[in-house]
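A.B. asks: Per TrEMBL, compositional bias 'Basic and acidic residues' is recorded for 994-1011. Per TrEMBL, domain 'RCK N-terminal' is recorded for 309-445, 729-869. Positions annotated as region 'Disordered' by TrEMBL: 989-1014, 1024-1043. For 108-133, 145-166, 209-230, 236-255, 267-292, the entry in TrEMBL reads transmembrane segment.
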Amino acid sequence: MEQLESEVPPLPPRFRFRDLLLGDQSFPNDDRVQVEFYVNENTFKERLKLFFIKNQRSSLRIRVFNFSLKLLTCLLYIIRVMTDNPAQSAGASHSAAQQNAPSGNNKWFYVLFPVFAQVIVAIISFLETMLLMYLSYKGNIWEQIFQVSFLLEMINTVPFIITIFWPSIRNIFIPVFLNCWLAKCALENMINDVHRAIQRTNSAMFNQVLILICTLLCLVFTGTCGIQHLERAGKNLSLFTSFYFCIVTFSTVGFGDVTPRIWPSQLLVVIMICVALVVLPLQFEELIYLWMERQKSGGNYSRHRAQTEKHVVLCVSALKIDLLMDFLNEFYAHPRLQDYYVVILCPTEMDLQVRRVLQIPLWSQRVIYLQGSVLKDQDLLRAKMDDAEACFILSSRNEVDRMAADHQTILRAWAVKDFAPNCPLYVQILKPENKFHVKFADHVVCEEEFKYAMLALNCVCPATSTLVTLLVHTSRGREGQQSPEQWQRMYGCCSGNEVYHIKVCDSKFFGEYNGKSFTYASFHAHKKYGVCLIGIKREDNKSILLNPGPRHIMASTDTCYYINITKEENSAFIFNQEEKKGGPAGGLFDGPSQLPVHSIIASMGTVAMDLQNTTPPDASVGKLVPPTVNGAGSRRPSIAPVQELADSASILPCDLLSDQSEDDSVFTDEKGHSSTEYVKGYPPNSPYIGSSPTLCHLLAEKAPFCCLRLDQGCRHNSFEDAKAYGFKNKLIIVSAETAGNGLYNFIVPLRAYYRPRKELNPIVLLLDNPPDNHFLEAICCFPMVYYMAGSIDNLDSLLQCGIIYADNLVVVDKESTMSAEEDYMADAKTIVNVQTMFRLFPSLSIITELTHPSNMRFMQFRAKDCYSLALSKLEKKERDKGSNLAFMFRLPFAAGRVFSISMLDTLLYQSFVKDYMILIARLLLGLDTTPGSGYLCAMKVKEEDLWIGTYGRLFQKLCSSSAEIPIGIYRTESHIFCTSESQVSVSVDDCEDTKDKGDESRNNDPSDHPLLRKKSMQWARRLSKKSVRWQGASRDSSKENAQRIAQQRLNLYRRSEREELSELVRNRMRHLGLPTSGYDEQNDHQNTLSYVLINPSPDTRLELNDVVEVSVSPNTALTRCIIKKESFNPNIKIREGVCLPNPNWELVPQIRGLKAEGSASRSTFNYPRNHQ
């Protein structure tokens, strides 16, 4: 057995594994067969076919040669006709022709050359035709023989070849002029080969025009030559006379001066007219059809224009009139973009409204509409994408499936990047989880990121959405300047502020502050020029720092970002006479004011602070407590000057992980039955790729998923409603359809590290559909974040989630309602639900997101509201004037109660001119956190803060004390809206229950309503076109009694309606087992109006309940006076009016210009008695 095994031969090398890997090199004579491919193309016929037909360039040469031959035959025919003797009879012999022919040296040219040339051309054409017939033969010889082109070729070539062998028939007439039709066919084939060779596919319109022109020329040429030849037996018409007759006949003019005399020529005219009546309409019909199709598709943007003119491409899936007008108005609002062209590339047919707008001369010369797909290179070539200055790719937010809309946007961005890698991309994306797919784009705006972050900041910084929207819209601040309303004039003027940039070395605003601190430059630039410096960027750093604080020293190469009505390059500087003489400088806002700006700097006072209470101040309250002298506030306080350079105290490093504003890290609720430990850190679980890491307040241990459900108890707690939790602060309720990843961006700004722990508002997510575990995993690390399944159209769900304990309700637009048969009806359900909550819970601040900005006029709707009617007329007037912000005077928008994400489309458009706008907006909204950059916060002006007086003094107070930079004011004013809610209501309109118009006018008298301005009522009446007859000074007691009774009836009606609604809410609360003590129906905000003033002038007076929007420096926690010791350490050194704390004292202040008086038991900083 072993012997047999030893005799087994080894495997051949080709079966060995090593040889399979390394290859078989030892057996060259293997069983291999060489196979040749495409052997059929090596035959002689195939080679000829490749040269004459298949090859584009060679076949093009053959067709050009063929076309030249046909033109040559027509030219030879014309020469022979012109040189022929018309007097010669048709039956003359050849000898007679020789006698009549010219003699001498020109005999050969005039007689023999045309004939010999025609014969030679005929032979060449015949041979070429037979060769092409042989090469194109496919088995059916009769099909090729009976082709019109082949028959014409035989008629025009065979007789000439026969005359070579039969001289007696050389004078026979041959219709060589019919070669014009063969030349027409050759020209068509030649143009097709040209387009195929240069890869031009969109040439149908050109081909059809060429065919039509050639058909007309062939008809005229055929008729001219035929009539001229046939009329030899009649009037002997010349060739030009025949041409004249054909033109007059085909143009249907018919002068009648030239007419055919013999019947053959008459028959030819009839045949030619019939052919023209059949052929030409068909050609015109095809041409019109192609023209209409080209109008739909938009044609091409020529390469010459693309190389000589600048253009941008707008790519959308469906173009709506609102989107188009927003883009055009914002894009062409910048002066340097007036010479740009906009090429719109859209796969759908142009809408009727869009077509009407693009026919306006203002846009018809600038906008080019192309119907096509971005995914096709041919359409990108039509739009000349490779030569475009930029490409804007917008998503379709009205799609039901927003994820599918994002996928289409991603593919469009990839297609553009593949076709034109150097073209700058501006991409709009809907879902944040899809943002990383288009990270290569130059600028990306994620809709849900901005939307939720803006809605979140609206809860802590009122009207943030309005502030950002106004900043990203281009305006000159002229809106509302003709209105008699003071608030509309101020609001409209401040709405013209935008963000601009300039280098320090090139700036008049900031050039003089080179080498000084950022805070010093910001304050003095605002005081002198009225500009608000909000950010800076180093030359060697790409990051923009928002209010870096006094640590940052201005350098000449720094880029400044400031808020102003216009950029510095468009500003003129007018100095007063004192400054020209070298005296003290006065700002642009100096004028007849009680508090001139220069007096702020002239004062050398200090900010006195009572340090007896060593507990840290409440940052959110933001009280600017005036200093007192021995406990009595009898002396007018003054404000410390802003230092040019920061001292060593402000340069100390800031530990973000420690909270200097809190004594302990344990939060205890009101009832004290639970305590939770908070830490600072980065959220461990991000719901999507690409989210910016933000330092937040987090739970030390993740909360179980069961504890996140608000309305259901678990083994960890037994709470089933918001009241049972005993929250210390007011709730923030968010109503959304699904728990999308964008909600994560709503929570993060409200849990950022710079928010004080004791002021964190509980967040309740009211979701139509329960969230998945992936979303719960992302939010379980945040404190006081809960969810509940329910809807805003269900009163029980609202009561269970604690709406009566909420301060803000955020209503997010639902994706399922964004698509409707009528576009503007997409917001119908949201508007009606919000209106219901507005009536049921008048004290609740409702922040609503809408799909269409035009629908915001229905928010908080009041029937027969004359003031809203006046605002509507004002909006129409501003729109007629060309304003891009006509909707800004709507009260819900001005107050920050309504917002549409489409308003932020201009953010992407502005990025073409201001490439920093997206980054600044993200910094303001807290979406990005750059080391050393500040954040947006708000502080409320209370009665004890009115000592500051003006906005300029407030600017100095904040800059000198905490390095905070105010950027605007959110102002709320009392206002009485004249509405007619029933027949007993009294308004500007005619009322049925009013006995006469005199009583109605008396009831609307502003003297009866102190909070209602007289100008407001007069303006409302004038715009409403309601003629109200005012009574004289004499008023009898009967009219006063009637007025009093009418007012009582009105109050009774309103009270009864409100009590009915209140009783409904209370009944549902009792049914759910909820206490009714928290429901307060009397405290409402329906008689107030609010608005935002961006960067107001320094002389603007502060009013009670103003909310100041401030940009907080990152080291503000270090610059605020925070003391952790229970007793005051009096060991303070006084040097040149500067308070220097002991190094062992746990105080991190930046206090300048202070003098100390005190003991161990009481310590107070007081003003020096000799200082005013």
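Backbone N, Cα and C define each Cβ position, glycine as well.
Remember, TrEMBL labels are computer predictions, not curated facts.
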A.B. asks: Is it true that the transmembrane segment (267-292) and the transmembrane segment (145-166) have 3 or more Cβ pairs under 8 Å, skipping pairs fewer than 6 apart in sequence?
C.D. replies: no
A.B. asks: For the transmembrane segment (236-255), what are the same-chain contacts with Cβ under 8 Å, counting residues 6+ beyond its ends?
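C.D. replies: For the transmembrane segment (236-255), the sequence-distant neighbours (Cβ-Cβ under 8 Å, at least 6 residues beyond its ends) are 78, 81-82, 86-87, 219-220, 223-225, 227-228, 269, 272-273, 276.
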A.B. asks: Mind looking up the mean pLDDT for the domain 'RCK N-terminal' (309-445) in the predicted model?
C.D. replies: 90
A.B. asks: Under DSSP, the domain 'RCK N-terminal' (729-869) has how many residues in helix, strand and coil?
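C.D. replies: Helix, strand and coil residues of the domain 'RCK N-terminal' (729-869) number 60 helix, 29 strand, 52 coil.
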A.B. asks: Per DSSP, how many helix, strand and coil residues does the domain 'RCK N-terminal' (309-445) have?
C.D. replies: 59 helix, 28 strand, 50 coil
